[in-house]
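Undergrad: Summarising the annotation, TrEMBL assigns domain 'ABC transmembrane type-1' to B:68-286. As annotated by TrEMBL, transmembrane segment applies to B:12-30, B:73-93, B:105-125, B:156-183, B:204-223, B:265-285.
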């Protein structure tokens with residue numbers, strides 16, 4: 001039966017490509033990606049070249065915007081008939097996109113082979129209300145990176161397993177004068193800060209919303225997470241410039257040897273540990289973000305992203321072919337240095353694991369612990385309110401309690 | 001040809017301009033007014049009539065007042081600095097010295113630099129970790145530590161004002177310089193004979209010539225400063241903790257990021273009204289200044 | 001020339017030097033950053049002069065390889081050129097007759113005042129209907145659509161500049177031509193427009209510079225290489241996602257070159273255009 005469905009689907013896919021693309025006429029696809037963490041712009045361009053070589057009748061135009069522009073660009077292009085066909089979307093947007101009908105429901109197109117082959121955690125990225133709005137593509141969470149040489153110099157044997165330990169170790173490093181500001185985070189007024197915050201919320205076993213969908217982050221784990229950030233910032237253990245850092249700033253500081261610890265996405269591992277412009281190459285260690293004693297072993301944010309087809313696309317079949325290619329195990333295994341595959345069996349393949357065993361080990365624990373940011377159509381407003389709460393707290397303008405209460409009020413929920 | 005026909009011909013020649021302006025300004029403005037009374041979202045079904053609700057919510061919200069304050073500080077600070085520095089630069093360039101022609105030529109460069117490039121350049125200069133400003137102040141021993149110029153609410157707005165001033169003071173200087181060159185030599189000479197001090201000479205002899213052009217520059221720059229979007233968007237996106245969020249950024253957020261086109265429209269109209277009032281106040285001032293100058 | 005004491009002269013030179021440094025230092029730094037070798041910009045302490053001069057970023061951004069970052073940048077450059085040229089031409093087409101009409105027949109002048117007043121409108125006050133309207137017409141993400149929107153900025157400005165230009169051309173010249181039996185169009189073509197050529201050229205340049213500089217509408221109404229302009233491309237680069245600061249600087253230098261060259265070469269014309277309205281009051 002499975003085989004039967006698959007062959008029908010394959011035939012349908014082939015048929016549709018042939019129908020929509022007669023020998024001479026080209027199908028033009030426009031795809032929106034981000035120039036940021038995960039696959040580099042070069043990787044995406046290379047993968048796309050390969051796709052076009054295999055599908056000479058399809059021409060893919062690539063567009064790269066910063067992560068900050070990704071959501072607005074997608075929504076705005078929705079108004080234009082000739083907008084994007086394929087868009088990259090963050091795990092937090094399907095709810096809002098579904099409300100506005102931005103993405104095509106592709107539930108029928110997901111094969112059983114896909115369903116069984118892709119890690120279960122990855123599917124949450126593209127699902128809303130039981131429907132599938134695309135294929136997961138980037139399976140990512142924030143890890144704790146550390147500078148092995150600095151820890152050794154300070155006489156520290158093992159990287160921190162809890163957030164308190166992180167503070168203790170950072171304190172030693174600072175006192176011994178090994179590094180002035182041991183920890184670097186991305187706490188600029190941007191989504192990046194929410195990802196760091198969510199990591200801590202998961203460590204403290206907090207929750208964003210209660211069962212009625214009302215804000216619940218003002219108390220318990222949500223509050224403790226912000227208190228941790230504030231105390232880390234005020235103690236001088238955290239680089240004070242963290243409050244204007246995005247991920248690339250964190251990477252720059254870390255690979256320039258100006259931080260012993262950094263919270264960042266998968267992509268930093270190979271760039272910092274093997275990159276040409278890295279001054280800490282070969283000295284980078286990575287572990288899952290730590291936990292809190294009695295509450296969690298490790299912590300992690302679901303920072304995964306998926307590829308979907310816009311409802312304005314006139315080339316849905318070609319777009320789906322492209323997505324299937326980009327998310328295929330073969331392609332993902334070949335580009336596993338900056339972003340890890342969504343396919344379960346990839347993690348046993350030497351071509352994926354070689355040279356990054358530490359990262360894979362951290363991923364096994366981290367990916368399993370991924371904690372979601374809240375699912376709500378009003379996510380952008382909630383996030384904006386929380387970003388301000390975090391910044392006001394760090395800047396000492398208000399207490400964590402007041403900041404989060406204000407955020408709850410302004411969240412639009 | 002009769003006067004009526006002449007007038008008709010004039011109107012005919014105005015028509016293309018008026019049609020274009022109606023299409024790209026008139027109609028959108030009217031539609032913004034309509035939207036501002038609805039709860040229309042940017043995408044999807046058209047909204048419902050909600051009366052003055054959007055206005056009421058916006059005017060009473062603390063974010064509007066905060067944003068208004070930020071915008072005012074930015075406008076007053078940057079325009080004020082631009083006027084003072086621009087006039088000083090013009091007075092200097094009106095003196096005779098070697099290299100004056102070259103320096104006058106250089107003056108146009110900051111103004112010609114695209115706003116977004118200017119913002120990008122200053123963002124790099126202010127970089128907390130690797131920026132030129134931090135390198136400069138530490139290497140000259142002015143500060144032991146690198147500062148987070150765009151990361152502190154106090155300094156971020158000032159940093160923006162400086163970046164904006166650097167680009168736009170040159171415009172004021174160019175205008176003022178052109179005006180200065182129209183001051184007849186004999187008048188300055190005569191006032192010297194009268195024994196007027198430099199300040200008195202500036203106040204009574206030179207300023208009347210500058211007043212008109214400077215007023216125009218002041219009005220244009222103030223209106224632009226109140227509408228500011230580009231430089232803030234590129235340098236801080238309104239952060240840290242919304243301390244550099246200007247009115248235009250707030251409207252963008254409301255209408256496009258949050259897709260609340262209706263309330264975004266009401267906010268945009270409030271901004272428009274403020275700018276119009278400001279321009280009216282200035283026009284009255286200009287009339288007065290012109291009256292006293294003659 | 002009034003006599004100046006020695007201290008006053010020294011003071012003048014001191015301030016002249018200061019002004020030169022204030023103007024040039026940031027610009028020089030932009031150019032320098034673009035040719036620093038990779039990695040040297042994150043050295044501490046920062047060195048102010050590149051160890052070797054590295055032009056590779058220019059090659060990278062201007063490369064034409066299919067589907068490369070360079071091709072994307074070049075297309076943004078071309079889009080900016082197209083939009084600015086198209087918008088400037090369209091602005092002149094509507095502005096020249098209107099400006100002449102107002103200059104010669106002041107009784108219609110109030111409508112121009114109304115048009116100029118629209119300069120006060122913040123773009124955000126027009127952006128939502130413009131967005132929805134362009135969407136309906138299928139003109140989002142199109143160079144032409146963006147150029148049309150730019151008319152809202154360029155048309156009032158050029159009309160205003162041109163009107164003061166036409167004011168400077170004596171009516172009597174036109175009257176003489178008409179007396180000789182020339183039609184209005186002939187008069188305009190033979191007498192007025194040639195005389196107004198300098199101010200028309202200045203207006204065109206101004207319009208071009210304004211359009212080249214525009215960011216907000218381009219950010220909202222374009223989405224990819226088909227229409228995205230240079231200002232948006234640079235803002236994307238500067239959005240904190242490019243770790244090589246030299247590359248951002250290179251993009252800035254390339255985007256600044258056209259307006260800076262225009263500004264430097266045509267300084268006199270631009271300044272007279274800029275001040276004509278102001279000085280005349």
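Glycine residues also receive a Cβ, built from the backbone N, Cα and C atoms like all the rest.
Please treat TrEMBL annotations as automatic predictions, because they have not gone through curation.
Are these features on the surface or tucked inside, and what are their neighbours?
TA: Within its own chain, the transmembrane segment (B:73-93) is flanked in space by residues 100, 103-104, 107, 157-158, 160-162, 164-165, 168-177, 179-180, 202, 210, 214, 217-218, 221-222, 225-226, 228, 244, 246, which lie at least six positions past its ends and keep a Cβ under 8 Å from the stretch.
When Cβ-Cβ distances below 8 Å are used as the criterion, the transmembrane segment (B:105-125) is approached by residues 89, 93, 131-133, 150, 159, 162-163, 166-171, 173-174, 177, 230-231, 233-235 of the same chain, each at least six residues removed from its ends.
Within the chain, the transmembrane segment (B:204-223) has long-range Cβ neighbours (under 8 A, six or more residues past its boundaries) at 75, 78-79, 82-83, 86-87, 168, 171-172, 175-176, 178-180, 182-183, 187-188, 191, 196, 275, 278-279, 282-283, 285-286, 289-290, 293.
Listed by sequence, the residues of this chain that lie at least six past the ends of the transmembrane segment (B:265-285) yet keep a Cβ under 8 A from its Cβ atoms are 32-33, 35-37, 40, 54-55, 58-59, 64, 68, 215, 218-219, 222-223, 226-227, 247-248, 250-251, 254-255.
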Undergrad: What residues in the same chain, six or more past the boundaries of the transmembrane segment (B:12-30), come closer than 8 Å to it by Cβ-Cβ distance?
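TA: Same-chain residues near the transmembrane segment (B:12-30) but 6 or more away: none.
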